């Protein structure tokens, strides 16, 4: 496992390496360098590389090789910036517009996912979530620390920041100031994207194949109607009414339908590296989110979109489950 460092942890130039398992190299830097790690979607990595790698090479030349990106063929990559905070934030300010253009939400808007040590997550969240709420209000950002560590028995968790580019950088400066005052406890086991398996990306803050940044911006308020349905079996309605925070108009409004499946069927719906659920999302135009397994070993899936799109998503999900069961039965029979 990659043994990189975080803000607040310094190492000599003898120990400093890129921290990306598929592209290791020793860096001839001055002492007291710091490493800043970010989890990015493959499409963002491609935008940073640019055509024939021209953008990436230009950045490396401009900043004396103080930037690295893992190059494994997985839906998510690790972006690493080296140097003191001022230098790292300067590099980040050059990188974020490339990511924003790729994500295409709106001009100047970007989502960035910083990687922090699990033992420092509490300091960023604050007591009862007070500090993360303060970040939201102070910098006008969507902010979240995901509950699960990254895959592969690591000690990294994801801090997601979504908003205007300058606000992202300013918020990160405050986050890193907090981390500088919060010593890491325990071992450091950094995430290697080769451990990616497409499972529970919503719990650790990962990315699926062809990640839809428009979908991740969906927000809720307490007034949106929810419907409870099931794929096989009898399940109780969870109840509750919510209206999504969409502009009001005279047409139909998006709704949320919740379906319940046995947890054992999750893998066949998600597919290898999240490819099946990504295809269902793309074909139906819906946002589809998986909750954690219930004590009953069932799993609730929220499908968000226009009524016709939800119907299509349900059909595609049922067809996927049926096809998987037919394949399993035929395998057993043979």
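Using the three backbone atoms N, Cα and C, a Cβ is placed for every residue, glycine included.
Per TrEMBL, the feature region 'Disordered' maps to 1-26 (among others).
According to TrEMBL, the feature domain 'K Homology' maps to 32-100 (among others). The average pLDDT the prediction assigns to the domain 'K Homology' (32-100) is 91.
As annotated by TrEMBL, domain 'K Homology' applies to 108-180 (among others). For the domain 'K Homology' (108-180), residue counts in helix, strand and coil come to 37 helix, 22 strand, 14 coil, using DSSP.
Annotation source TrEMBL lists compositional bias 'Low complexity' at 224-242.
Residues or ranges marked as region 'Disordered' in TrEMBL: 224-249 (among others).
What TrEMBL lists as domain 'K Homology' is 253-322 (among others).
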